[in-house]
Amino acid sequence: MALLTAATRLLGAKNSSCLVLAARHASASSTNLKDVLSNLIPKEQARIKTFKQQHGKTVVGQITVDMMYGGMRGMKGLVYETSVLDPDEGIRFRGYSIPECQKMLPKAKGGEEPLPEGLFWLLVTGQMPTEEQVSWLSREWAKRAALPSHVVTMLDNFPTNLHPMSQLSAAITALNSESNFARAYAEGMNRAKYWELIYEDCMDLIAKLPCVAAKIYRNLYREGSSIGAIDSRLDWSHNFTNMLGYTDPQFTELMRLYLTIHSDHEGGNVSAHTSHLVGSALSDPYLSFAAAMNGLAGPLHGLANQEVLVWLTQLQKEVGKDVSDEKLRDYIWNTLNSGRVVPGYGHAVLRKTDPRYSCQREFALKHLPKDPMFKLVAQLYKIVPNILLEQGKAKNPWPNVDAHSGVLLQYYGMTEMNYYTVLFGVSRALGVLAQLIWSRALGFPLERPKSMSTDGLMKFVDSK
């Protein structure tokens with residue numbers, strides 16, 4: 001038990017994480033994120049070195065044949081510092097729950113939702129930032145946001161039938177021309193300095209992503225109209241919504257919430273694991289994140305909210321917009337009895353309602369309580385879990401984040417469902433790139449697990 005507790009400390013539980021304590025003692029007045037990191041990293045390197053010396057041979061868990069054939073589900077095999085997924089409480093960012101982040105992270109003047117800049121600071125340092133630190137990040141990203149001309153030209157020349165995620169991945173890969181890390185590595189550099197150049201690349205990439213994403217949106221859906229210029233007085237999300245062409249302050253608030261809650265979800269999901277794996281080869285952040293986006297583009301990872309909207313639209317066509325609970329129950333049972341699933345319900349890890357769903361529901365109750373699509377989502381929330389429990393197949397009958405996000409985007413006029421995964425990708429950069437900085441700071445090696453063939457596995461089992 002003591003060893004498990006020690007492992008939990010390493011992974012960042014709020015009440016025991018030395019990293020959080022160190023962060024709170026690290027130049028709390030500094031608004032320069034790199035300076036704060038420079039203070040934190042040697043302490044964390046020493047802490048982990050001692051931990052490995054004392055417990056390096058400790059067995060953390062067992063691996064079963066089912067795990068090997070089942071996508072390594074539940075297998076403990078990664079160290080990922082920025083977030084931990086609790087089956088009952090949901091995601092914790094450096095130990096803080098989503099409700100705690102909503103309450104404690106700085107907000108825009110007159111706003112009610114957390115600023116994603118603040119979450120990035122928290123993910124990188126383990127420390128709740130001040131308003132001044134968040135403002136520094138907003139200005140810093142605004143300074144770094146300009147796109148090189150070759151990337152603009154490439155985006156402008158993509159065919160309109162090229163999927164938005166393909167465009168995003170290609171543009172991020174092309175931004176590799178700007179990599180500080182790749183240049184320094186080619187010239188020969190001390191590995192102790194890796195994290196510093198990775199940090200610079202991650203900051204540049206996060207700054208440029210809204211410009212790339214907005215350009216893709218304008219080219220595909222707004223006849224190639226200009227995204228305009230970055231305003232250094234505005235926060236990251238506000239600049240993003242301006243470049244997309246949306247001026248409703250409520251949509252900007254939604255984007256702040258969306259970009260915050262989709263940012264990170266532990267290290268085992270496809271996009272997070274991909275960036276970690278590719279980064280372990282010392283590929284620069286642009287190449288690592290582009291690979292992550294190719295994983296996110298897969299229908300089993302990043303297309304779930306799109307599938308929810310398609311299903312909701314089909315439901316409305318078949319039973320009408322003002323459907324009774326009884327008719328809705330019949331429709332859901334017909335869906336399940338035909339071998340299909342109710343999209344947006346269930347999760348690989350969670351065993352309660354996804355807190356990311358809950359905070360979006362609260363946003364909708366506040367801003368769009370009479371919207372027909374939201375009312376349908378709320379009605380499903382009341383009915384579906386009980387049916388899934390009655391059916392007896394689902395381990396988790398509760399809604400996840402994807403059951404709600406598309407409805408909110410549709411309400412504010414963003415109806416282009418093929419684009420939704422791009423928004424997800426912009427958000428996910430905050431988490432996986434924060435971790436990438438720490439992966440290089442802590443000297444994580446090339447990832448190289450052992451594989452086995454089915455014949456080899458059978459022989460191994462027979463020998464037991």
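For all residues, glycine too, the Cβ spot is worked out from N, Cα and C.
When the residues Lys208, Lys215, Lys375 are compared with Swiss-Prot, the one annotated as N6-acetyllysine is Lys375. Looking up Lys43, Lys352, Lys370, Lys459 in Swiss-Prot, the residue bearing an annotation of N6-acetyllysine is Lys459. Looking at 2-21, 422-441, the range tied to motif 'SIFI-degron' in Swiss-Prot is 2-21.
Considering Lys143, Lys193, the record held by Swiss-Prot lists Lys193, annotated as N6-succinyllysine. Around the Cβ of Asp402 (active site), 25 further Cβ atoms fall within 10 Å across all displayed protein chains.
When Cα-Cα distances from Ser226 (phosphoserine) are compared across the recorded positions Lys193, Lys393, Arg428, the shortest belongs to Arg428. Cα of Lys76 (N6-acetyllysine) to Cα of His347 (active site): a distance of 18 Å. Comparing C-alpha positions, Lys450 (N6-succinyllysine) sits nearest to His347 among the recorded positions His347, Arg356, Asp402. Take the Cα of Lys57 (N6-succinyllysine) and measure to each of the recorded positions His301, His347, Asp402, Arg428, Arg448: the nearest one is Arg448.
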